[in-house]
Amino acid sequence: MSKTRVYELAKELNLSSKDLISRLNDLDIKVKNHMSTLEDEEVDLIMDLLSDKPQQTDEINQQEEDIFEDNLEDLEEERAYKKSFKKGGKKNKKNNKKVILTEEKQEDEIKIITIPEFLTVKELAEKMKVNPTEIIKKLIAKGIMVTVNQQIDFENASKIAEEYGFLVDKEEVKDELELLLEEAPDDEKDLQPRPPIVTVMGHVDHGKTSLLDAIRNTNVTMKEMGGITQHIGASVVEVNNKKIVFLDTPGHEAFTAMRARGASITDIVVLVVAADDGVMPQTVEAINHVKAANAPMIVAINKIDLPTANPDKVKTELSELGLVPEEWGGNTICVPVSAKKNIGIDNLLEMILLVAEMEDLKANPNKPARGTIIEAKLEKGKGPVATVIVQNGTLQIGDAILAGTTYGRVRAMFDDKGKRIKKAGPSTPVEVLGFSEVPEAGDKLIVVEEEKKARELAERRKELQKEMELKRKQKVSLEDLFSQIQEGSVKELNIIIKADVQGSVEALKKSIEDLSNEEVRIKVIHGAVGAITETDVMLASASNAIIIGFNVRPETNAKNLAEKEKVDIKLYRIIYDVIEDIKAAMKGLLEPKYKEVELGRAEVRAVFRVPGVGNVAGCYVLSGKILRNADVRIIRNGIVVYEGKIASLKRFKDDVREVQQGFECGIGIEKFNDIKEGDIIEAYQMEEIPR
């Protein structure tokens, strides 16, 4: 919310600052001096009140101001005269009058400086004409350790400036990076149709790769008669003199990872579902990822040549997920195909072109190129190599390029067949050589005027990246949900549910979505059975969602990724607790008492029967350490089967207090004998969270 200084409003209303302060105090708006700030609501109130007297206001204000100033002058002269009379001289009267006038002059002189979002201590000192050492001392006193050439943010710089009596304005001028990223809208007459960019998704073994091969081979048979070598992560197919670009980045993991980085290059998604298996867990995941990205979808029902194929069953399952086929009165295009027997491939390609036509995909080829990195690697003999999809403009040999924090000049380009080319227009996938470093998938590629400028901008981006890392975007979590609702930053709470059985997923989904209210809508964007995976975390990061785990645990890699991406994972064993925690978070009543600290994980390699004791697990400690007094949970195939405490911990025949990573040990679990080889024993402690 913007704030207005008293003197600024007085100037706007053609009033003196003193007169405005008096009027504000009459309205119970407490201000101290002309530098005090007013909220937008207070400014609106004053403007409304004063605008009620349009004819007389200026004259009355001027009269009041003149009378006030005359009275003030007389009063000041009288005070100065009395003071000088006491000291016995006319000279003092004159001097005191001079002092009063000087003070008035100083009050009227308001020092204003304009500073950017970030600037160095030296730059701030130069703007205020003070010694940089003094600023450094003040910053150190605030706990900010800096040197003269280090950058500080606007907030800290403005606080320092105000201590020196400066009024600070924020520089709104956009830097070159922002201006570059802001693509000017194209004139309608310059736009030309471009090929659609298609991503193929689906459950493992449902025939994604086979379908892509069938599409490519059909095209090759028509064009070249012979084999084809795939050189880059995308391929171009020509149908009826129209091109379609297929991205070969497999699975929805890459799709979501790129979306999390702001790259949305896919125009159409082809969802592959096997006619015999039907909708599977990964199919549901893929559907949820596509819905979250709001991309058009075509369903390819594959393997229709099999005797067990049942396309109607697939359509029924899709309808239950909200994808009603066109022939059943819905909007989802379903195409029966067989990648193996080459059935329905032409029909699928025609449907893709039809959807592309409906989407009216256009771009301007007559301008400097912009695109997205879809793959990047360091290749022997070539250096940093990146596969780029050109989205607008035309990329040419010799162009100076910027992508993320890397820069360079296009030295060579190769198309999807490995053929060297000199230029690439919109929707063309090309392999580009000439980068200074390996860029990241999802980085935007921009052509700039010259390589020197590209290098400067890349260095600037590196600095900004470091600064942004320090001020990393706060992901939503249950603990701070209420405050974010109050601030208005959360209008919709996205949730991902992972549970041990499908019944729990459905029960949780219904119960959680019923908690929606006027302030915040709760939306379950994905629900599935099994352990929490890296894919779940990436979807949560891209959609700013909370992950709820019910009777399941996160995989080790997923847990590490969640920490890196600042994704909140909550684990429960009772449905009631899930509902109550979300309710409490929404009301601002959530009081976390304890947090779980993972100590270590051990794998059961053998099980021994000990007379009078029961089963003892022969274990190898995979990570961390196992403590004798720790709480443990037994995890079997990603699902928690038991929670309890360690009854005994031995190394060889000796009782020990702890066993470190990389060592073997014997673990006995209290009141639990159903331990099996391959089970994971996870040791943890509960620590109280200070409030």
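The first residue you see is number 1, and the count goes up from there.
Placed from the backbone N, Cα and C atoms, the Cβ positions cover glycine too.
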Checking feature assignment: region 'G4' per Swiss-Prot, candidates 302-305, 382-385, 654-657. Which range matches?
302-305
Which range, 82-89, 202-209, 362-369, 458-465, does Swiss-Prot list as region 'G1'?
202-209
Identify the region 'G2' range according to Swiss-Prot, selecting from 227-231, 427-431, 472-476.
227-231
Of the residue ranges 92-95, 104-107, 248-251, the one that Swiss-Prot records as region 'G3':
248-251
Please list residues from the chain of D205 (GTP binding site) whose Cβ is under 8 angstroms from its Cβ, counting only those at least six apart in sequence.
A274, D277
Within-chain partners of the region 'G4' (302-305) [C-beta distance under 8 Å, separation at least 6 from its ends]:
206-207, 210-211, 272-276, 311, 336-341, 343-344
Assigned conformation of G202 (GTP binding site) - DSSP reduced to three states:
strand
I304 (GTP binding site): tally of other CB atoms within 10 A of its CB:
20
Tell me the Cβ neighbour count for G202 (GTP binding site), meaning other Cβ atoms within 10 Å of its Cβ, over all protein chains shown.
26
10 Å Cβ neighbour count around K208 (GTP binding site)?
23
DSSP-derived class (H/G/I helix, E/B strand, else coil) of K208 (GTP binding site):
helix
Mind tallying the region 'G4' (302-305) by DSSP state, helix then strand then coil?
0 helix, 1 strand, 3 coil
